[in-house]
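Feature annotations, reproduced from TrEMBL:
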- B:49-73: transmembrane segment (TRANSMEM)
- B:93-118: transmembrane segment (TRANSMEM)
- B:His99, B:His200: heme b b562 binding site (BINDING)
- B:His113, B:His214: heme b b566 binding site (BINDING)
- B:130-151: transmembrane segment (TRANSMEM)
- B:163-184: transmembrane segment (TRANSMEM)
- B:196-217: transmembrane segment (TRANSMEM)
- B:His219: ubiquinone binding site (BINDING)
- B:250-271: transmembrane segment (TRANSMEM)
- B:315-333: transmembrane segment (TRANSMEM)
- B:345-367: transmembrane segment (TRANSMEM)
- B:373-395: transmembrane segment (TRANSMEM)
Amino acid sequence: MIRLIAFLVGIGFAGVALISLIAGMGPAFSDLSNYGRFVKPTVEHEFHKSPKPIKFQHDGPFGTWDAAQLQRGYQVYKEVCSSCHSLKYVAFRDLEQLGYSPEEVKALAAEWTNIRDIDSDTGEAITRPGLPTDTFPAPYPNNVAAATANNGVAPPDLSLMTKARPNGTAYVNSLLTGYGPIPAELKEQFPEFSTPDGGHFNEYFPNLNLAMAPPLTLDGQVSYADGTEATIPQMAADVSAFLTWTAEPSLVERKQRGWPVVLFLLFATVLAYFAKKHVWSDTKPKKAD
Amino acid sequence: MSFPWAREYTPTNGFMKFMDERLPLPRLVYNAVGAGYPVPRNLSYMWNFGVLAGFFLMLQIVTGIVLAMHYASNTEVAFATTEHIMRDVNWGWLIRYAHANGASFFFLVIYMHIFRGFYYSSYKAPREMVWLLGVVIFLLMMATAFMGYVLPWGQMSFWAAKVITGLFGAIPLIGEPLQVWLLGGYAPDNAALNRFFSLHFLLPFVIAGVVILHIWALHIPGSSNPTGVEVKKESDTLPFHPYYTAKDGFGLGVVLIIFMMFVFFMPNALGHPDNYIEANPLSTPALIVPEWYFYPFYAILRAFTFDFILPAKLWGVLAMFAAILIWFILPWLDKSPVRSGKYRPLFRIFFWILMLDMAALFYLGGAHAEEPYIMLSQIATAYYFLHFLVILPIISSIEKPDPLPYSITEAVLGSDDDAALNAKADSAA
């Protein structure tokens, strides 16, 4: 009885799945014959590119931070990105990890003069210079203000940007250097394509139409304190490295802690293997008797 | 209960004797995972995964309790407290990555454990109860993992909560009120997050309770084994300790190495980048997917696209739940007296087709809902149900199994004196 019911239920579910299959086959195969693939090719599918590969010192299981690059990246963030993008999960004290001394961090924090606070005597809203314990201040008082000032799209917080996109570090780097005119080939295939609402064409952005105007526009836009030549690719790579650090300050510590753990476990597992072999040695089949 | 030749616990000193007469906890341990529990001597490493699942349950509970000390289940701050754990809590990043990857590894070893059960028909008499309790554990794990995934309140958390609770909305008549009741509102919000946190904290202890029943039920008949031939005598078994503690110890080491490589070197490889974006009810992600361990069932859910009498969405929901619930009747569908797939040539072919089918469903559940993936998932879904409900009962009736070894001893040692004696008696008669 139970098998008969099971049989009917099985035929039922399989049958309905196959009815769905047959119902969907017509449109799917007509798409296939029309476009040479199952889904109508969209402009995003044809022209959206995955990020350019780029190497960093923090890559790989032995990666370490390049403190000089992170300091340069911080400078790019401060002088370029921070006018629109917040970094709300990062505190000034964290900058010590970039190789700054506590005194330098104090001075760096004080350069940010727009920390919102309340006057402890009068209770009035004030702005004051930053302290190491503060997090980076948001450039806009709220999301509505941020959106209004930026063509209707609030610039996202950058703290976690490189973890919030697939292959995020390379993505940020590619996005910053990926602006350009709409290619002739694209205009040929998709004559109706445009970047509406003051958007900017960027082949690394999923819908190719990025609200952000190109932030890095000329070589030497930032004067690096360490004398490195501030080309656009250099600034893009530096700020991508910096944002990798903001997304996960413990990244390098994590990799370094991992090695002793894995090596210890390897050693313990080899011991466990021989212990197992030893324990089991008296159960071996004895052909002689 | 155990085999008559099980070693008896004898307290070795005064204190243990004192304990044994008042609270025989050492005796319980000795008889459960010690020298007092005889186990088939031929268990392969496929029998390692139960112990590993127990390990990962404990790991999830320990790391989870620490995380709960720093997390706040309020939509205003949930995402920020998760980042607080990652950045400011001492070793917080390690605890959280161990918990997130621990969930994945828990499911990984559970899937191995379940597939082992399929191949060796571990669900057959007299172990039906072990199997049924195991399916209950799996269902509880799924609920727990789903609610845990919502807690960081990232984009995937929010939209997964919306999609999964939306499934209840497909139920006729009571669907919508049920959904509102479950969520405490019309969309996932603070009420939902808070109750998910509460249940996510509670359910692991319920799982631990059912695990105790699962092990208790297992200890009545004892473990199955790769031949599927029941234990006949003492030479078929070895004491759990030291033989299987040593074997499981080695297996645990191997899995821990792989686990730690994920935790320390690629902790986000099994996660989704969108969950590092704070939940935003106004922005729908391009692709809403659950965690990888739900992919097969998500693929089944999405395979139904045609309103055949009932709405397609309802078919999908019914099929998704049925896909797991049918495991409950598995012991009564597969009537073959032979347990092990090793001696079932026809069954073995279909078992490997099922594994391919599962692999396909795993892939398709994570793919975009577009052709050809939809068609492939419809075929894979159809096979999934046909396998368990139609093919398995039929082959268990028509199949001619290969000859079984007389005993586990014969399978391991190549000969068994008792078998020779029996054969002699048979031929004499």
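Glycine too: its Cβ is placed from the backbone N, Cα and C atoms.
Where TrEMBL records a feature, it is marked here on the structure.
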{"residue": "B:His99", "record": "heme b b562 binding site", "DSSP (3 states)": "helix"}
{"residue": "B:His113", "record": "heme b b566 binding site", "DSSP (3 states)": "helix"}
{"residue": "B:His200", "record": "heme b b562 binding site", "DSSP (3 states)": "helix"}
{"residue": "B:His214", "record": "heme b b566 binding site", "DSSP (3 states)": "helix"}
{"residue": "B:His219", "record": "ubiquinone binding site", "DSSP (3 states)": "helix"}
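Nonlocal intrachain contacts for the transmembrane segment (B:49-73), taken as residues 6+ away from its ends with a CB within less than 8 angstroms of a stretch CB, comprise 81-82, 84-85, 89, 92, 95-96, 98-99, 102-103, 105-106, 109-110, 112-113, 116, 148, 151, 193-194, 196-198, 200-201, 204-205, 207-208, 211, 248, 251-252, 255. Checked against B:His99 (heme b b562 binding site), the binding-site residues B:His113, B:His214, B:His219 differ in C-alpha distance, with B:His113 being the nearest. Checked against B:His200 (heme b b562 binding site) by C-alpha proximity, the binding-site residues B:His113, B:His214, B:His219 yield B:His214 as the nearest. Note: the stretches the transmembrane segment (B:315-333) and the transmembrane segment (B:196-217) are not in contact (fewer than 3 CB pairs below 8 A, sequence gap of 6 or more). The CA atom of B:His113 (heme b b566 binding site) is located 17 Å away from the CA atom of B:His219 (ubiquinone binding site).
Between the transmembrane segment (B:93-118) and the transmembrane segment (B:196-217) there are fewer than 3 Cβ pairs closer than 8 Å, counting only pairs 6 or more residues apart in sequence, which means the two stretches are not in contact. The Cβ of B:His219 has fewer other Cβ atoms within 10 Å than any other of the binding-site residues B:His99, B:His113, B:His200, B:His214, B:His219.
Tertiary neighbourhood of the transmembrane segment (B:345-367): same-chain residues 115, 118-119, 289-290, 292, 294-300, 302, 336, 373, 376-377, 380-381, 383-384, 387, 391-392, 395-396, 398-399, 401-402, selected by CB-CB distance under 8 Å and a gap of 6+ residues from either end. Tertiary proximity for the transmembrane segment (B:196-217) is limited to same-chain residues at least six positions away from its ends with a CB under 8 Å from its CB atoms, namely 32, 54, 57, 60-61, 64, 68, 71, 73, 127, 129-130, 133-134, 136-137, 140-141, 143-144, 147-148, 150-151, 161.
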